[in-house]
Amino acid sequence: MLADWPSLLFNALGWGMATFLVAAGLTLIFGILHVLNFSHGGVFMLGAYVAFTLTRWSGTGGLASFLGASLLAALATGVVGLAVDRAVFRRLAAVDGAYVLVATYALLLVCNGVAKLVWGLNVFSAAPPESLMTVTVAGDVVMPHYALFVIGAGLSVYLGLEWLLNRTAAGRMIQAIAADPWMARLLGIDVGLVYTGTVVLGFALAGLAGGLLVANQSLSPDLAGIFIIQAFGVVIVGGMGSIRGAFLASLLLGLVDSFGSALLPSMPGILFFVALALVLLVRPQGLLGSGRLA
Amino acid sequence: MLEVGPLDAFYGDSHVLHGVRLSVGPGEGVALLGRNGAGKSTLLKALLGAGPRATGPVAFEGRPIEGLPTHRRARLGLSLVPEDRRIYGHVTVAENLALARHACPPGVAPRTPAEVAALFPLLAPLLSRGGARLSGGQQQMVAVGRGLVPRPKLLLLDEPAEGLAPLIVEDLAREIARVRRAEALSLLVTEQNVDFARACTDRLYLIDSGVIVFSGDWAAYDARPELETDYLAL
């Protein structure tokens, strides 16, 4: 049953990196602002719609227009993030966590409403760019180039965030703010500005993920719920707010999902939830949940 | 340099400071003494807009600052070293010092870690150590050093001697007094430790239940021994 383990491993990596792409912005915003953004899936969906529309307009079907559309989708959701930070997140700074939940859930509904208003209820389907529709076969493993592309994109986003947070002066400042914003203000740091930047980056990452992952998905307002459950799973398992933890959890839960579906083909995905429940029971703070950002 | 009051401050519904008036002149060292809960920390935090809700004028170098956010007040040259030190554990001592560069006013170069170590020689061997691996005395030294990085005009120290061994307290007082004179730095220090405060200041205020109950120089304080029993003795 597990004889095709190399394929399962490849699938695990694909699942993991796609999920990490969605989870990155979610865990980043939680790690720095301590706001759990329920609207993240909605922003992801808007990014997918924007990228899909741009790709259709450009009509070339090439890799460059696919990438460009995804980056423009990231830019668009980043601007949405700027507006949301001003209109919503700043007001949440001084209130109880329950309001944060309600407010970001309301934002999710707004995202859904916007998608229905602009793009209607039709289901669209997007194809990957032509150059990624080929496959490479290595031994028994069939590797679609689009899956390889998603794996590369997930790795790039992870390495980029690791570099930003651990190798730059700005990253050390961001980590200082995440650990103790009160002291950071006394040290002259404009904490509000960094919070705004974080929200913009987190939203842009959601939009980028939407653009990169829209291919092979049926695009409808329901897309908001598809990856986000998995993304919340890896954020929880990785340790809320930890980028490195989310990355490791993406790989781990990717393995669980891939091998689980092979072992229990009648119940695909069930082991993901079993693993999630087990981690919450045994290590509720998550793999790397020591309050560290990266 | 600093003119405060009458200032009232609140935490939620509780009224912590009542009409406090206080001033610090250029180059002057001033102590604010009082028991636990008298309102010392609340006053320092109110000066930076970092905690209590405060009402009343606060002027720094003749300019009203009560409407400014905390980081803007810090950039004017107000540096608060909090009671609990708050050294960042995820980076080294040198990087803790470097983080304070953000409080420099435009055009002012921050003190480098080496310059801070020159002011506090005890810091020199600690620069590459992780912020989480410091003793209480070392933490305090790093916190004060970090407070001096942006070349502040007024240093606010919140109970620097608290929890330190007596020998370390003497060292710290001597170092602070020396740096103050060498740098013509204004100092406002809250304390319960009278000897520490005396070693690094020129005059003092006594605060009790959020009200200033005495203001004068150390000779005036010594002339009234009942002050210590009434407002400081436990």
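The first residue you see is number 1, and the count goes up from there.
A Cβ is built for glycine as well, from the same backbone N, Cα and C atoms used for every other residue.
Annotated features in TrEMBL:
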- A:12-33: transmembrane segment (TRANSMEM)
- A:63-85: transmembrane segment (TRANSMEM)
- A:97-121: transmembrane segment (TRANSMEM)
- A:141-165: transmembrane segment (TRANSMEM)
- A:186-215: transmembrane segment (TRANSMEM)
- A:227-255: transmembrane segment (TRANSMEM)
- A:262-282: transmembrane segment (TRANSMEM)
Inset, instruction - Six or more residues out from either end of the transmembrane segment (A:12-33), which same-chain residues have a Cβ under 8 Å from its Cβ atoms? - result: 40-41, 43-44, 89, 147, 150-151, 153-155, 157-158, 161, 174, 177-178, 194-195, 198-199, 201-206, 208-209, 212-213, 227-228, 230-235, 238, 240-243, 245-247, 250-255, 257-259, 293
Legend entry - For the transmembrane segment (A:63-85): best-contacting stretch of A:97-121, A:141-165, A:186-215, A:227-255, by Cβ pairs under 8 Å: A:186-215
Legend entry - Surrounding residues of the transmembrane segment (A:97-121) on its own chain - C-beta under 8 Å, 6+ positions past either end: 35-39, 41-43, 45-46, 49, 53, 84, 88, 91, 220-221, 224
